[in-house]
Amino acid sequence: MNSKDSNTVPVYTTNTGCPIFNPMAAARVGKGGPVLLQDSHLIDVFQHFDRERIPERVVHAKGSGAFGEFECTDDITKYTKHTMFSKVGKKTPMVARFSTVGGERGTPDTARDPRGFALKFYTDEGIFDMVGNNTPVFFLRDPAKFPLFIHTQKRNPQNDMKDATMFWDYLSQNAESIHQVMILFSDLGGTPYSYRFMDGFSSHTYKFVNDKGEFYYCKWHFITNQGTKGLTNEEAAALDGSNPDHARQDLFEAIERGDYPSWTLYVQVMTPQEAEKYRYNIFDLTKVWPHKDVPMQRVGRFTLNQNPTNFFADIEQAGFSPSHMVPGIEVSADPVLQVRTFSYPDTHRHRLGANFEQIPVNSPKCPVFNYSRDGPMNVNGNQGNWPNYPSSIRPLAKVQYEPDEGHEKWVGQVTYHMDEITDVDFEQPRAFWQNVLGKKPGQQDNFVKNVAGHLSGAISPVRERQYGVFTRVDSELGRRIREATEAEVKKMEEKAPKPINKGEPHMFQGSS
(Lines of atoms letter the chains of each structure in order from A and count residues from 1; the text may use other names and numbers.)
(Lines give C-alpha, C1' and ligand atoms only; values in the text may rest on other atoms or scores of the structure.)
Protein backbone atom coordinates (compact mmCIF):
# COMPACT_ATOMS: atom_id res chain seq x y z
CA MET A 1 0.00 0.00 0.00
CA ASN A 2 3.05 2.29 0.04
CA SER A 3 3.86 4.74 -2.72
CA LYS A 4 7.04 4.31 -4.74
CA ASP A 5 8.61 7.13 -2.74
CA SER A 6 7.76 6.51 0.91
CA ASN A 7 8.43 10.18 1.71
CA THR A 8 5.86 11.45 -0.78
CA VAL A 9 2.11 11.28 -0.19
CA PRO A 10 0.39 10.51 -3.52
CA VAL A 11 -2.23 12.94 -4.81
CA TYR A 12 -5.71 11.53 -5.41
CA THR A 13 -6.61 11.58 -9.11
CA THR A 14 -9.21 10.28 -11.53
CA ASN A 15 -8.41 7.15 -13.53
CA THR A 16 -7.08 9.44 -16.26
CA GLY A 17 -4.72 11.21 -13.88
CA CYS A 18 -6.58 14.45 -13.15
CA PRO A 19 -6.14 15.65 -9.52
CA ILE A 20 -9.43 15.92 -7.61
CA PHE A 21 -10.25 18.35 -4.81
CA ASN A 22 -12.21 15.91 -2.62
CA PRO A 23 -13.06 12.35 -3.71
CA MET A 24 -15.97 12.20 -1.25
CA ALA A 25 -17.63 15.42 -2.37
CA ALA A 26 -20.20 15.72 -5.17
CA ALA A 27 -21.07 18.73 -7.33
CA ARG A 28 -24.49 20.00 -6.22
CA VAL A 29 -26.70 23.07 -6.57
CA GLY A 30 -26.02 24.71 -3.24
CA LYS A 31 -25.58 22.80 0.02
CA GLY A 32 -28.80 20.80 -0.19
CA GLY A 33 -29.58 20.85 -3.87
CA PRO A 34 -29.59 18.12 -6.53
CA VAL A 35 -26.43 16.43 -7.79
CA LEU A 36 -25.12 17.70 -11.12
CA LEU A 37 -24.47 15.35 -14.03
CA GLN A 38 -21.43 17.45 -14.91
CA ASP A 39 -19.56 15.85 -11.98
CA SER A 40 -17.71 13.45 -14.25
CA HIS A 41 -15.60 12.11 -11.38
CA LEU A 42 -18.69 11.01 -9.46
CA ILE A 43 -20.17 9.43 -12.59
CA ASP A 44 -16.90 7.61 -13.36
CA VAL A 45 -16.67 6.28 -9.80
CA PHE A 46 -20.14 4.76 -9.98
CA GLN A 47 -19.70 3.43 -13.50
CA HIS A 48 -16.52 1.66 -12.46
CA PHE A 49 -18.08 0.44 -9.21
CA ASP A 50 -20.97 -1.06 -11.18
CA ARG A 51 -18.45 -3.14 -13.13
CA GLU A 52 -16.00 -4.16 -10.40
CA ARG A 53 -17.07 -7.78 -10.22
CA ILE A 54 -16.05 -10.28 -12.87
CA PRO A 55 -17.63 -13.75 -13.21
CA GLU A 56 -16.30 -16.10 -10.57
CA ARG A 57 -14.76 -19.39 -11.63
CA VAL A 58 -17.44 -22.02 -12.30
CA VAL A 59 -15.28 -24.39 -10.22
CA HIS A 60 -12.43 -23.53 -7.83
CA ALA A 61 -13.99 -20.14 -7.08
CA LYS A 62 -12.55 -19.77 -3.55
CA GLY A 63 -8.78 -19.76 -3.60
CA SER A 64 -5.51 -18.23 -2.45
CA GLY A 65 -2.03 -18.06 -3.87
CA ALA A 66 1.52 -16.80 -3.80
CA PHE A 67 4.63 -16.41 -5.93
CA GLY A 68 7.87 -18.36 -5.72
CA GLU A 69 10.38 -20.36 -7.69
CA PHE A 70 11.04 -23.91 -8.79
CA GLU A 71 14.56 -25.36 -8.63
CA CYS A 72 15.60 -28.47 -10.54
CA THR A 73 17.54 -30.77 -8.19
CA ASP A 74 17.84 -33.97 -10.25
CA ASP A 75 18.67 -34.75 -13.86
CA ILE A 76 15.73 -36.04 -15.94
CA THR A 77 16.98 -34.90 -19.36
CA LYS A 78 16.78 -38.50 -20.61
CA TYR A 79 13.00 -38.14 -20.33
CA THR A 80 12.31 -34.54 -21.32
CA LYS A 81 13.95 -31.68 -23.19
CA HIS A 82 11.95 -29.03 -21.35
CA THR A 83 14.20 -26.13 -20.32
CA MET A 84 12.87 -26.05 -16.75
CA PHE A 85 14.68 -29.37 -16.23
CA SER A 86 17.66 -28.66 -18.52
CA LYS A 87 20.24 -28.68 -15.73
CA VAL A 88 20.48 -29.24 -12.01
CA GLY A 89 20.21 -25.90 -10.20
CA LYS A 90 18.05 -24.27 -12.87
CA LYS A 91 15.50 -21.92 -11.26
CA THR A 92 12.15 -20.92 -12.76
CA PRO A 93 9.78 -18.24 -11.39
CA MET A 94 6.20 -19.34 -10.74
CA VAL A 95 2.86 -18.57 -9.12
CA ALA A 96 0.63 -21.05 -7.29
CA ARG A 97 -3.09 -21.00 -6.56
CA PHE A 98 -4.81 -23.37 -4.12
CA SER A 99 -8.58 -23.63 -3.86
CA THR A 100 -11.68 -25.53 -2.92
CA VAL A 101 -13.70 -26.91 -5.84
CA GLY A 102 -17.47 -26.86 -5.47
CA GLY A 103 -18.20 -23.76 -3.40
CA GLU A 104 -18.54 -20.10 -4.23
CA ARG A 105 -15.99 -17.38 -3.43
CA GLY A 106 -17.43 -16.88 0.04
CA THR A 107 -17.51 -20.51 1.17
CA PRO A 108 -15.27 -21.74 4.02
CA ASP A 109 -11.74 -22.95 3.30
CA THR A 110 -12.36 -26.01 5.48
CA ALA A 111 -15.33 -27.43 3.55
CA ARG A 112 -15.15 -31.15 2.74
CA ASP A 113 -14.05 -30.87 -0.86
CA PRO A 114 -11.05 -31.67 -3.03
CA ARG A 115 -8.50 -28.87 -3.21
CA GLY A 116 -7.24 -27.34 -6.41
CA PHE A 117 -3.46 -27.27 -6.83
CA ALA A 118 -2.63 -25.02 -9.80
CA LEU A 119 0.91 -23.97 -10.72
CA LYS A 120 2.07 -21.53 -13.40
CA PHE A 121 5.75 -21.67 -14.38
CA TYR A 122 7.29 -18.78 -16.33
CA THR A 123 9.76 -20.86 -18.36
CA ASP A 124 12.28 -19.80 -21.01
CA GLU A 125 9.95 -21.24 -23.65
CA GLY A 126 6.64 -19.90 -22.44
CA ILE A 127 4.01 -20.51 -19.80
CA PHE A 128 3.64 -24.04 -18.45
CA ASP A 129 0.60 -24.68 -16.25
CA MET A 130 0.14 -27.76 -14.10
CA VAL A 131 -3.52 -27.71 -13.06
CA GLY A 132 -4.02 -30.49 -10.53
CA ASN A 133 -5.68 -31.34 -7.23
CA ASN A 134 -4.67 -32.53 -3.77
CA THR A 135 -5.87 -36.03 -4.70
CA PRO A 136 -4.20 -38.38 -7.21
CA VAL A 137 -7.53 -39.45 -8.78
CA PHE A 138 -10.87 -37.87 -9.68
CA PHE A 139 -14.58 -38.76 -9.67
CA LEU A 140 -14.84 -39.59 -13.36
CA ARG A 141 -12.98 -40.72 -16.47
CA ASP A 142 -15.57 -39.89 -19.14
CA PRO A 143 -15.33 -36.16 -19.97
CA ALA A 144 -19.00 -35.74 -20.91
CA LYS A 145 -19.89 -36.42 -17.27
CA PHE A 146 -17.92 -33.47 -15.90
CA PRO A 147 -20.52 -30.67 -16.21
CA LEU A 148 -23.23 -33.02 -14.91
CA PHE A 149 -21.12 -34.04 -11.93
CA ILE A 150 -20.27 -30.43 -11.07
CA HIS A 151 -23.98 -29.53 -11.10
CA THR A 152 -24.49 -32.05 -8.28
CA GLN A 153 -21.71 -30.44 -6.24
CA LYS A 154 -23.36 -27.04 -6.52
CA ARG A 155 -26.85 -26.02 -5.37
CA ASN A 156 -30.32 -27.45 -5.89
CA PRO A 157 -31.84 -25.44 -8.77
CA GLN A 158 -35.18 -25.20 -6.96
CA ASN A 159 -34.10 -23.77 -3.60
CA ASP A 160 -30.44 -22.82 -4.20
CA MET A 161 -29.28 -24.95 -1.25
CA LYS A 162 -26.68 -27.70 -1.06
CA ASP A 163 -28.44 -31.04 -1.48
CA ALA A 164 -27.13 -34.39 -0.20
CA THR A 165 -29.56 -36.29 -2.42
CA MET A 166 -28.18 -34.64 -5.56
CA PHE A 167 -24.64 -35.29 -4.37
CA TRP A 168 -25.10 -39.00 -3.66
CA ASP A 169 -27.59 -39.63 -6.47
CA TYR A 170 -24.86 -38.95 -9.00
CA LEU A 171 -22.12 -40.83 -7.14
CA SER A 172 -24.25 -43.91 -6.53
CA GLN A 173 -25.08 -44.15 -10.24
CA ASN A 174 -21.47 -43.67 -11.32
CA ALA A 175 -19.49 -46.09 -9.20
CA GLU A 176 -16.14 -45.28 -10.81
CA SER A 177 -16.25 -42.28 -8.45
CA ILE A 178 -15.74 -44.48 -5.38
CA HIS A 179 -11.93 -44.17 -5.25
CA GLN A 180 -12.17 -40.38 -5.03
CA VAL A 181 -15.09 -40.67 -2.59
CA MET A 182 -12.92 -42.80 -0.29
CA ILE A 183 -10.19 -40.14 -0.31
CA LEU A 184 -12.65 -37.23 -0.03
CA PHE A 185 -14.31 -38.54 3.14
CA SER A 186 -11.02 -39.28 4.86
CA ASP A 187 -9.61 -36.62 7.17
CA LEU A 188 -6.53 -35.99 5.03
CA GLY A 189 -8.05 -35.88 1.54
CA GLY A 190 -11.26 -33.98 2.18
CA THR A 191 -10.37 -31.59 5.00
CA PRO A 192 -6.64 -30.73 4.94
CA TYR A 193 -5.52 -28.49 7.80
CA SER A 194 -4.46 -25.81 5.33
CA TYR A 195 -2.93 -25.45 1.90
CA ARG A 196 0.61 -25.71 3.27
CA PHE A 197 -0.06 -29.17 4.68
CA MET A 198 -1.38 -30.95 1.60
CA ASP A 199 0.22 -32.69 -1.37
CA GLY A 200 -0.56 -31.95 -5.01
CA PHE A 201 -0.94 -34.25 -7.99
CA SER A 202 -1.22 -33.98 -11.76
CA SER A 203 -3.81 -36.79 -11.46
CA HIS A 204 -3.73 -37.06 -15.25
CA THR A 205 -1.11 -38.89 -17.25
CA TYR A 206 1.12 -36.55 -19.26
CA LYS A 207 3.91 -37.17 -21.75
CA PHE A 208 7.58 -36.29 -21.51
CA VAL A 209 9.43 -35.88 -24.83
CA ASN A 210 13.24 -35.85 -24.97
CA ASP A 211 15.60 -34.27 -27.50
CA LYS A 212 15.60 -37.48 -29.55
CA GLY A 213 11.84 -37.33 -30.06
CA GLU A 214 11.25 -40.28 -27.72
CA PHE A 215 8.33 -39.99 -25.33
CA TYR A 216 7.45 -41.37 -21.92
CA TYR A 217 4.24 -41.32 -19.92
CA CYS A 218 4.42 -39.57 -16.56
CA LYS A 219 2.44 -38.59 -13.49
CA TRP A 220 3.49 -35.69 -11.24
CA HIS A 221 3.47 -35.63 -7.44
CA PHE A 222 4.15 -32.50 -5.36
CA ILE A 223 4.87 -33.69 -1.82
CA THR A 224 4.60 -31.06 0.90
CA ASN A 225 7.74 -30.54 2.97
CA GLN A 226 5.60 -29.33 5.88
CA GLY A 227 4.09 -32.80 6.30
CA THR A 228 0.45 -33.65 5.65
CA LYS A 229 -2.08 -32.74 8.31
CA GLY A 230 -5.87 -32.99 8.26
CA LEU A 231 -8.88 -31.83 10.22
CA THR A 232 -11.58 -33.97 11.75
CA ASN A 233 -15.18 -33.22 10.83
CA GLU A 234 -15.64 -31.45 14.15
CA GLU A 235 -12.49 -29.33 13.77
CA ALA A 236 -13.42 -28.35 10.22
CA ALA A 237 -16.96 -27.41 11.28
CA ALA A 238 -15.63 -25.24 14.10
CA LEU A 239 -13.32 -23.37 11.72
CA ASP A 240 -16.17 -22.97 9.21
CA GLY A 241 -17.84 -20.70 11.74
CA SER A 242 -14.91 -19.09 13.52
CA ASN A 243 -12.55 -18.44 10.59
CA PRO A 244 -13.84 -19.36 7.11
CA ASP A 245 -10.60 -17.95 5.63
CA HIS A 246 -8.39 -20.20 7.77
CA ALA A 247 -6.33 -21.70 4.92
CA ARG A 248 -5.91 -18.33 3.21
CA GLN A 249 -4.76 -16.72 6.45
CA ASP A 250 -2.39 -19.58 7.27
CA LEU A 251 -0.65 -19.37 3.89
CA PHE A 252 -0.41 -15.57 3.85
CA GLU A 253 0.86 -15.21 7.41
CA ALA A 254 3.43 -18.00 7.03
CA ILE A 255 4.98 -16.25 4.04
CA GLU A 256 4.82 -12.85 5.74
CA ARG A 257 6.87 -14.14 8.69
CA GLY A 258 9.41 -15.84 6.42
CA ASP A 259 8.22 -19.41 7.00
CA TYR A 260 8.21 -20.22 3.30
CA PRO A 261 6.30 -23.39 2.38
CA SER A 262 7.82 -25.77 -0.13
CA TRP A 263 6.96 -28.92 -2.05
CA THR A 264 9.22 -31.55 -3.64
CA LEU A 265 8.33 -32.70 -7.15
CA TYR A 266 8.49 -36.40 -7.91
CA VAL A 267 7.46 -38.08 -11.14
CA GLN A 268 6.43 -41.58 -12.08
CA VAL A 269 7.65 -42.49 -15.55
CA MET A 270 6.53 -45.33 -17.81
CA THR A 271 7.66 -46.27 -21.32
CA PRO A 272 5.06 -46.77 -24.06
CA GLN A 273 5.94 -50.46 -24.12
CA GLU A 274 5.29 -50.75 -20.37
CA ALA A 275 2.03 -48.83 -20.75
CA GLU A 276 0.73 -51.24 -23.39
CA LYS A 277 1.21 -54.18 -21.03
CA TYR A 278 0.17 -52.49 -17.78
CA ARG A 279 -2.66 -54.01 -15.75
CA TYR A 280 -4.59 -50.72 -15.60
CA ASN A 281 -5.55 -48.28 -18.32
CA ILE A 282 -2.92 -45.58 -17.77
CA PHE A 283 -5.36 -42.91 -19.02
CA ASP A 284 -7.99 -43.78 -16.39
CA LEU A 285 -8.31 -40.75 -14.11
CA THR A 286 -9.92 -42.83 -11.35
CA LYS A 287 -6.79 -44.93 -10.79
CA VAL A 288 -3.25 -44.46 -9.50
CA TRP A 289 -0.05 -46.17 -10.54
CA PRO A 290 1.00 -48.03 -7.37
CA HIS A 291 4.50 -47.01 -6.32
CA LYS A 292 5.62 -50.62 -6.16
CA ASP A 293 4.84 -50.85 -9.89
CA VAL A 294 6.16 -47.44 -10.94
CA PRO A 295 8.63 -45.89 -8.44
CA MET A 296 8.74 -42.16 -7.75
CA GLN A 297 11.75 -40.20 -9.01
CA ARG A 298 12.73 -36.86 -7.49
CA VAL A 299 12.95 -33.90 -9.86
CA GLY A 300 13.02 -30.64 -7.92
CA ARG A 301 11.44 -28.38 -5.36
CA PHE A 302 9.29 -25.27 -5.42
CA THR A 303 9.15 -22.67 -2.68
CA LEU A 304 6.56 -19.92 -2.20
CA ASN A 305 8.27 -16.81 -0.87
CA GLN A 306 6.22 -13.79 -1.96
CA ASN A 307 2.63 -12.88 -1.18
CA PRO A 308 0.50 -11.14 -3.80
CA THR A 309 0.75 -7.36 -3.89
CA ASN A 310 -2.89 -7.15 -4.93
CA PHE A 311 -5.12 -10.23 -4.65
CA PHE A 312 -7.37 -9.39 -7.59
CA ALA A 313 -4.52 -8.58 -9.96
CA ASP A 314 -2.25 -11.44 -8.95
CA ILE A 315 -4.55 -14.31 -7.95
CA GLU A 316 -8.17 -13.69 -9.01
CA GLN A 317 -7.09 -12.78 -12.54
CA ALA A 318 -4.67 -15.71 -12.82
CA GLY A 319 -5.81 -18.10 -15.53
CA PHE A 320 -4.45 -21.66 -15.43
CA SER A 321 -4.99 -24.15 -18.24
CA PRO A 322 -3.69 -27.65 -19.09
CA SER A 323 -3.40 -26.39 -22.67
CA HIS A 324 -0.52 -24.10 -21.67
CA MET A 325 2.24 -26.47 -22.73
CA VAL A 326 5.94 -26.15 -23.52
CA PRO A 327 8.40 -28.21 -25.58
CA GLY A 328 9.21 -31.46 -23.79
CA ILE A 329 5.81 -31.84 -22.08
CA GLU A 330 2.67 -32.92 -23.93
CA VAL A 331 -0.93 -33.98 -23.39
CA SER A 332 -1.58 -37.72 -23.35
CA ALA A 333 -4.64 -39.57 -24.65
CA ASP A 334 -6.40 -39.15 -21.30
CA PRO A 335 -9.87 -38.08 -22.54
CA VAL A 336 -10.65 -35.86 -19.55
CA LEU A 337 -7.33 -34.06 -19.90
CA GLN A 338 -7.96 -33.52 -23.59
CA VAL A 339 -11.34 -31.91 -22.96
CA ARG A 340 -9.90 -29.76 -20.17
CA THR A 341 -7.43 -28.29 -22.67
CA PHE A 342 -10.44 -26.76 -24.43
CA SER A 343 -12.62 -25.93 -21.45
CA TYR A 344 -10.11 -24.06 -19.29
CA PRO A 345 -8.94 -21.38 -21.74
CA ASP A 346 -12.52 -21.05 -22.94
CA THR A 347 -13.77 -20.20 -19.47
CA HIS A 348 -10.87 -17.75 -18.99
CA ARG A 349 -11.91 -15.93 -22.15
CA HIS A 350 -15.41 -15.69 -20.72
CA ARG A 351 -14.22 -14.66 -17.25
CA LEU A 352 -11.20 -12.47 -18.07
CA GLY A 353 -11.53 -11.56 -21.74
CA ALA A 354 -10.23 -12.59 -25.14
CA ASN A 355 -6.73 -11.33 -24.35
CA PHE A 356 -6.42 -12.79 -20.85
CA GLU A 357 -2.84 -13.91 -21.64
CA GLN A 358 -1.84 -10.22 -21.64
CA ILE A 359 -2.81 -9.73 -17.99
CA PRO A 360 0.57 -9.46 -16.22
CA VAL A 361 0.16 -12.58 -14.05
CA ASN A 362 -0.67 -14.60 -17.18
CA SER A 363 2.00 -13.13 -19.46
CA PRO A 364 5.06 -15.17 -20.43
CA LYS A 365 8.50 -13.78 -19.67
CA CYS A 366 9.80 -14.78 -23.12
CA PRO A 367 9.04 -12.97 -26.43
CA VAL A 368 5.73 -13.74 -28.16
CA PHE A 369 5.36 -13.78 -31.95
CA ASN A 370 2.30 -15.16 -33.76
CA TYR A 371 -0.63 -14.08 -35.92
CA SER A 372 -3.18 -13.34 -33.17
CA ARG A 373 -4.27 -9.71 -33.23
CA ASP A 374 -6.77 -7.20 -31.89
CA GLY A 375 -9.70 -8.10 -29.63
CA PRO A 376 -11.00 -6.40 -26.47
CA MET A 377 -8.40 -5.02 -24.06
CA ASN A 378 -5.41 -5.67 -26.29
CA VAL A 379 -2.82 -3.67 -24.37
CA ASN A 380 0.62 -5.08 -25.24
CA GLY A 381 1.22 -3.21 -28.49
CA ASN A 382 -0.58 -5.76 -30.68
CA GLN A 383 2.81 -7.03 -31.95
CA GLY A 384 3.52 -3.73 -33.67
CA ASN A 385 3.93 -3.76 -37.44
CA TRP A 386 4.73 -7.46 -37.75
CA PRO A 387 2.59 -9.19 -40.40
CA ASN A 388 -0.54 -10.93 -39.16
CA TYR A 389 -0.14 -13.76 -41.68
CA PRO A 390 2.73 -16.10 -42.73
CA SER A 391 4.83 -13.54 -44.59
CA SER A 392 7.70 -14.23 -46.99
CA ILE A 393 9.05 -10.75 -46.32
CA ARG A 394 9.21 -10.95 -42.52
CA PRO A 395 8.87 -14.66 -41.78
CA LEU A 396 8.78 -16.35 -38.39
CA ALA A 397 11.15 -19.25 -37.81
CA LYS A 398 9.79 -22.68 -36.89
CA VAL A 399 11.23 -25.07 -34.34
CA GLN A 400 12.12 -28.58 -35.40
CA TYR A 401 9.93 -31.40 -34.14
CA GLU A 402 10.29 -35.08 -34.92
CA PRO A 403 7.61 -37.17 -33.21
CA ASP A 404 8.14 -40.75 -32.10
CA GLU A 405 5.94 -42.63 -34.56
CA GLY A 406 6.44 -46.02 -32.96
CA HIS A 407 3.52 -45.66 -30.56
CA GLU A 408 0.22 -43.88 -30.08
CA LYS A 409 -1.17 -44.76 -33.48
CA TRP A 410 -4.94 -44.74 -33.13
CA VAL A 411 -7.05 -46.59 -35.68
CA GLY A 412 -10.76 -47.28 -35.24
CA GLN A 413 -14.28 -46.33 -36.13
CA VAL A 414 -16.10 -43.37 -34.62
CA THR A 415 -18.12 -44.48 -31.60
CA TYR A 416 -19.82 -42.88 -28.61
CA HIS A 417 -18.01 -44.57 -25.77
CA MET A 418 -18.48 -44.61 -22.01
CA ASP A 419 -16.40 -46.90 -19.78
CA GLU A 420 -18.27 -49.68 -18.00
CA ILE A 421 -17.91 -50.45 -14.29
CA THR A 422 -15.97 -53.64 -13.54
CA ASP A 423 -14.54 -55.34 -10.45
CA VAL A 424 -11.19 -53.71 -11.25
CA ASP A 425 -12.71 -50.34 -10.29
CA PHE A 426 -12.99 -51.48 -6.68
CA GLU A 427 -9.44 -52.83 -6.23
CA GLN A 428 -7.75 -49.54 -5.39
CA PRO A 429 -10.58 -48.22 -3.17
CA ARG A 430 -10.39 -51.53 -1.28
CA ALA A 431 -6.63 -51.12 -0.85
CA PHE A 432 -7.18 -47.57 0.42
CA TRP A 433 -9.72 -48.77 3.00
CA GLN A 434 -7.71 -51.75 4.19
CA ASN A 435 -4.08 -50.68 3.80
CA VAL A 436 -4.16 -46.90 4.20
CA LEU A 437 -7.05 -46.04 6.54
CA GLY A 438 -6.78 -49.46 8.20
CA LYS A 439 -3.21 -48.80 9.31
CA LYS A 440 -3.90 -45.39 10.85
CA PRO A 441 -5.60 -45.61 14.26
CA GLY A 442 -9.10 -44.16 14.23
CA GLN A 443 -9.16 -43.29 10.53
CA GLN A 444 -11.60 -46.02 9.50
CA ASP A 445 -13.94 -44.94 12.30
CA ASN A 446 -13.66 -41.30 11.22
CA PHE A 447 -14.32 -42.24 7.61
CA VAL A 448 -17.52 -44.10 8.50
CA LYS A 449 -18.67 -41.21 10.67
CA ASN A 450 -17.87 -38.64 7.96
CA VAL A 451 -19.83 -40.54 5.32
CA ALA A 452 -22.78 -41.28 7.60
CA GLY A 453 -23.15 -37.64 8.58
CA HIS A 454 -23.45 -36.61 4.95
CA LEU A 455 -25.18 -39.60 3.33
CA SER A 456 -27.93 -39.49 5.96
CA GLY A 457 -29.22 -36.34 4.26
CA ALA A 458 -30.07 -38.24 1.07
CA ILE A 459 -33.37 -39.99 0.38
CA SER A 460 -33.71 -43.74 1.01
CA PRO A 461 -33.34 -45.12 -2.56
CA VAL A 462 -30.14 -43.15 -3.04
CA ARG A 463 -28.75 -44.30 0.30
CA GLU A 464 -29.50 -47.93 -0.57
CA ARG A 465 -27.75 -47.66 -3.90
CA GLN A 466 -24.67 -46.11 -2.30
CA TYR A 467 -24.54 -48.85 0.35
CA GLY A 468 -24.22 -51.28 -2.54
CA VAL A 469 -21.24 -49.35 -3.92
CA PHE A 470 -19.45 -49.39 -0.55
CA THR A 471 -20.21 -53.11 -0.18
CA ARG A 472 -18.45 -53.83 -3.47
CA VAL A 473 -15.39 -52.14 -2.00
CA ASP A 474 -15.51 -54.19 1.22
CA SER A 475 -18.45 -56.04 2.75
CA GLU A 476 -17.55 -54.91 6.27
CA LEU A 477 -17.29 -51.31 5.08
CA GLY A 478 -20.73 -51.55 3.47
CA ARG A 479 -22.24 -52.94 6.66
CA ARG A 480 -20.68 -50.24 8.85
CA ILE A 481 -21.74 -47.42 6.52
CA ARG A 482 -25.32 -48.71 6.42
CA GLU A 483 -25.61 -49.06 10.20
CA ALA A 484 -24.03 -45.68 10.97
CA THR A 485 -26.02 -43.84 8.30
CA GLU A 486 -29.39 -45.32 9.24
CA ALA A 487 -28.69 -44.48 12.89
CA GLU A 488 -28.14 -40.86 11.82
CA VAL A 489 -31.35 -40.93 9.78
CA LYS A 490 -33.29 -42.16 12.79
CA LYS A 491 -31.92 -39.34 14.95
CA MET A 492 -32.87 -36.79 12.31
CA GLU A 493 -36.39 -38.17 11.98
CA GLU A 494 -36.93 -38.05 15.73
CA LYS A 495 -35.88 -34.40 15.87
CA ALA A 496 -37.53 -33.17 12.68
CA PRO A 497 -40.94 -31.44 12.74
CA LYS A 498 -43.67 -33.02 10.64
CA PRO A 499 -43.60 -31.60 7.08
CA ILE A 500 -46.52 -29.68 5.65
CA ASN A 501 -46.88 -30.21 1.89
CA LYS A 502 -48.22 -27.18 0.07
CA GLY A 503 -48.13 -26.18 -3.57
CA GLU A 504 -45.80 -27.83 -6.09
CA PRO A 505 -43.75 -30.90 -5.08
CA HIS A 506 -40.04 -30.41 -4.57
CA MET A 507 -37.49 -31.94 -6.93
CA PHE A 508 -37.25 -35.31 -5.16
CA GLN A 509 -40.73 -35.54 -3.63
CA GLY A 510 -42.27 -38.95 -4.20
CA SER A 511 -38.87 -40.63 -4.60
CA SER A 512 -38.48 -41.71 -0.99
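Cβ atoms are placed via backbone N, Cα and C, with glycine included.
Because the structure is a prediction, the values reported are computed rather than measured.
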Checklist outcome for this item: Between Ser363, Ser460, the phosphoserine label in Swiss-Prot belongs to Ser363
Item to check | Candidates Asn133, Ser363: member of the recorded positions with the richest Cβ shell (10 Å) | outcome: Asn133
Checklist outcome for this item: Quick note, His60 (active site) and Asn133 (active site): C-alpha atoms separated, nearest Å, by 10
Checklist outcome for this item: Cβ density check for His60 (active site), other Cβ within 10 Å (all protein chains) comes to 23
Checklist entry - Looking only at DSSP and grouping its letters into three states, which state does His60 (active site) belong to? => result coil
Checklist outcome for this item: Expressed in Å to no decimal places, the gap between the Cα atoms of Asn133 (active site) and Ser363 (phosphoserine) is 23
